[in-house]
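What TrEMBL says about this one:
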type    : residues                                                                               : note
BINDING : HIS134, ARG367                                                                         : substrate binding site
BINDING : SER181, ASP206, ASP207, SER208, HIS209, THR237, LEU238, GLY239, LYS240, SER270, ASN271 : pyridoxal 5'-phosphate binding site
COILED  : 149-176                                                                                : coiled coil
DOMAIN  : 43-385                                                                                 : domain 'Aminotransferase class I/classII large'
Amino acid sequence: MMNFGDQLRDELDQIEAAGLTKRERLLTSPQGAHIMTIQGPALNFCANNYLGLANHPDVVAAAHRGLDAMGFGTASVRFICGTHAEHRELEKEIADVVGMEDAILFPSAFDANGALFEVLLTDEDAVISDSLNHASIIDGVRLSKAKRFRYENRNMEELEQRLQDAQGSRRILIVTDGVFSMDGYFAPLEQITALAEQYGAVVAVDDSHATGLIGPCGAGTPARAGLTDRVDIITGTLGKALGGASGGFVASTAEVVALLKQRGRPYLFSNAVAPSLVAGARTALRIAREGDDLRERLAENAEHFRARMTEAGFDLLPGSHPIVAVMFPGEDGARQASAIAEDMLKLGVYVIAFSYPVVPTGRARIRVQLSAAHSTADVDACVDAFIASRDRVAG
Ligand SMILES: *Cc1c(COP(=O)(O)O)cnc(C)c1O
């Protein structure tokens, strides 16, 4: 029998043989449109730095102030002695921006989703989940004892079927990503909330790729659709548009938040978000809230990129979100996408190729993420690199 180390080596070899090994690229500069890696400089098109706040001077200065005023760490979970006045301030400000009664912070959005379902649902209840929901939703749902139903991504006939299947449950919760991160597609909230009303379900939206950048004041996908009142729960992250450090939240009614503070395990048993991050996130949230100019810049960049890429003959998934999937369909697609992404890096443009099992077989793609920090020249350089690498890889 193989020993422990050999067993793991064997597993790693299988991952490598399947071409699935993920490798870290080491950065030696802060996050931004222009970054430095140990291999050299690059234009970055794969960060969740939608508003360019990850290294914004005001956010950095606020984090310094938080550090100086409140120290490095809380050395406690929230409910023992780890809640600073500023945690509550940030929670109220998040709730206010997304249009909910209250909010609760977690160490991450992964933990927010880890807490939510177990607290709200028992074996008398049902949860209905979109098939492309984020891994943290899938894991969070697994932690609850609720009956589980799944519908194909954005398929509203299937959602209705599942709602019928779930009838008789004490509670029915529909959960969806607000934006699907591999496609840049929005969840059809209009139809989801209408079905929820018809079948007596509550709706939770994970707006991690939307808070700060989508909707009026960056309030997210429910606000974009004018449906804030029809959505019961919004989860989100401080790790993307809102400064990109770490922290997550659940925003909802006072009762949902109160119950999460009694029973949410990542809230009860994991450390409070550090003071510097809380102070930085408050400033990032304020900049985002007032950041119509940033959202406009971001939308222009996405539009310009989509227009030029389409003109150059690339196959894009349609939409308006700054996540843009450049498709390389078919049998050879995975190889093409990864060869082009690799070649683009040699031209100083950093993008990432995704293939099976992250996306369905035959649906390989390069996912590009635009930022308000990109200049038009940066976006043009990205498109030019796509064209050059396509020619070089084909030729
Ligand atoms: C990024 C993301 C998360 C995880 O966010 P963290 O705060 O980094 O844990 C959760 N849900 C969705 C939909 C995400 O895109």
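Keep in mind that glycine also has a Cβ here, set from the backbone N, Cα and C atoms.
Predicted, not measured: the structure shown is a model, and the values here were computed from it.
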Inset, instruction - Using Cβ-Cβ distances, find the residues under 8 Å from HIS134 (substrate binding site) that belong to the same chain and are at least 6 apart in sequence, listing them in sequence order. - result: ASN113, ASP177, SER181, ASP206, SER208
Inset, instruction - Report, as numbers and ranges, which residues of the same chain sit near the coiled coil (149-176): CB under 8 Å and 6 or more residues beyond its ends. - result: 117, 120-122, 124-133, 137, 141, 185, 187-189, 191-192, 195-196, 198-206
Legend entry - Rounded inter-Cα distance in Å - LYS240 (pyridoxal 5'-phosphate binding site), ARG367 (substrate binding site): 16
Inset, instruction - Measure from the CA atom of ARG367 (substrate binding site) to the CA atom of LEU238 (pyridoxal 5'-phosphate binding site) and give the result in Å, rounded to a whole number. - result: 21
Inset, instruction - Might you list, by sequence position, any residue in that chain lying six or more from ASN271 (pyridoxal 5'-phosphate binding site) with a Cβ less than 8 Å away from its Cβ? - result: GLY73, THR74, ALA75, SER76, VAL77, GLY82, PRO107
Inset, instruction - Compute all pairwise C-alpha distances among SER181, ASP206, ASP207, SER208, HIS209, THR237, LEU238, GLY239, LYS240, SER270, ASN271, the residues listed as binding pyridoxal 5'-phosphate, and give the largest one in whole angstrom. - result: 28
Legend entry - Nonlocal residues around ASP207 (pyridoxal 5'-phosphate binding site), in sequence order (Cβ under 8 Å, 6 or more apart): VAL98, GLY178, VAL179, ILE214, GLY220, THR221, PRO222, ILE234, THR235, GLY236
Legend entry - Rounded to the nearest Å - Cα separation of HIS209 (pyridoxal 5'-phosphate binding site) and ARG367 (substrate binding site): 14
Inset, instruction - Using Cβ-Cβ distances, find the residues under 8 Å from ARG367 (substrate binding site) that belong to the same chain and are at least 6 apart in sequence, listing them in sequence order. - result: CYS46, MET182, ILE323, VAL324, ALA325, VAL326, VAL351, ILE352, PHE354
Inset, instruction - Tell me whether ASN271 (pyridoxal 5'-phosphate binding site) sits in a helix, a strand or coil according to DSSP. - result: strand
Inset, instruction - Anything from the binding-site residues HIS209, LEU238, ASN271 with its Cβ under 6 A from ligand 1? List those in sequence order. - result: HIS209
